[in-house]
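Here is what Swiss-Prot records for this protein:
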| type | residues | note |
| --- | --- | --- |
| COMPBIAS | 1-19 | compositional bias 'Low complexity' |
| COMPBIAS | 27-39 | compositional bias 'Low complexity' |
| COMPBIAS | 119-134 | compositional bias 'Basic residues' |
| COMPBIAS | 142-159 | compositional bias 'Basic residues' |
| COMPBIAS | 167-185 | compositional bias 'Basic residues' |
| COMPBIAS | 192-219 | compositional bias 'Basic residues' |
| DOMAIN | 37-110 | domain 'H15' |
| MOD_RES | SER2 | N-acetylserine |
| REGION | 1-40 | region 'Disordered' |
| REGION | 94-219 | region 'Disordered' |
Amino acid sequence: MSETAPAAAPDAPAPGAKAAAKKPKKAAGGAKARKPAGPSVTELITKAVSASKERKGLSLAALKKALAAGGYDVEKNNSRIKLGLKSLVSKGTLVQTKGTGASGSFRLNKKPGEVKEKAPRKRATAAKPKKPAAKKPAAAAKKPKKAAAVKKSPKKAKKPAAAATKKAAKSPKKAAKAGRPKKAAKSPAKAKAVKPKAAKPKATKPKAAKAKKTAAKKK
């Protein structure tokens, strides 16, 4: 019997082919991350503002025109331009001469350190008025103490009045003591007057005896 050769397997992807297929995806992702590095929005804004010769500063509309002339897509990156302006003003690289926020006019700050120095000074001046406000309640607290001292003084004045009333209360007692001996002196006199009255019944007895004698004589 003749041996038959095994049929060839259908086209199966080799393992190396799968790895090769995955690599292009990673390369595509790397291409997205590796965009051509150009100047940032803040750098473009600073260049455009420094190039302007206007004394009052470069307006937002003029800034957009300058960026568009340099090949920057202003319509798509409108929000980035506004954020870049705000960050540059907060850092002190740009000074806003007109308007508020991202709208208005901007110019380069010749002394960028001045903005950072002025901010802490304002905080220090705002903190100074708090010290006198703290002293006022202390002064107000001292005033009631003086009022309490004034209230204490009438108590001292009341003490002599109380002493005078005590002396006045004691004086009637002395007067009562002085009046008592007189009553005691009068009482013996009354006792003496009563004693002779007790002696009178004794004098009546002889009269009764005399009456008996006269009756005996008549008999």
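From the backbone N, Cα and C atoms, a Cβ is placed for every residue, glycine too.
The shown structure was predicted, so the numbers you read here are calculated from the model rather than taken from an experiment.
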Could you put numbers on the helix, strand and coil content of the domain 'H15' (37-110), residue by residue per DSSP? 35 helix, 11 strand, 28 coil
Restricting attention to the domain 'H15' (37-110), give the mean pLDDT. 82
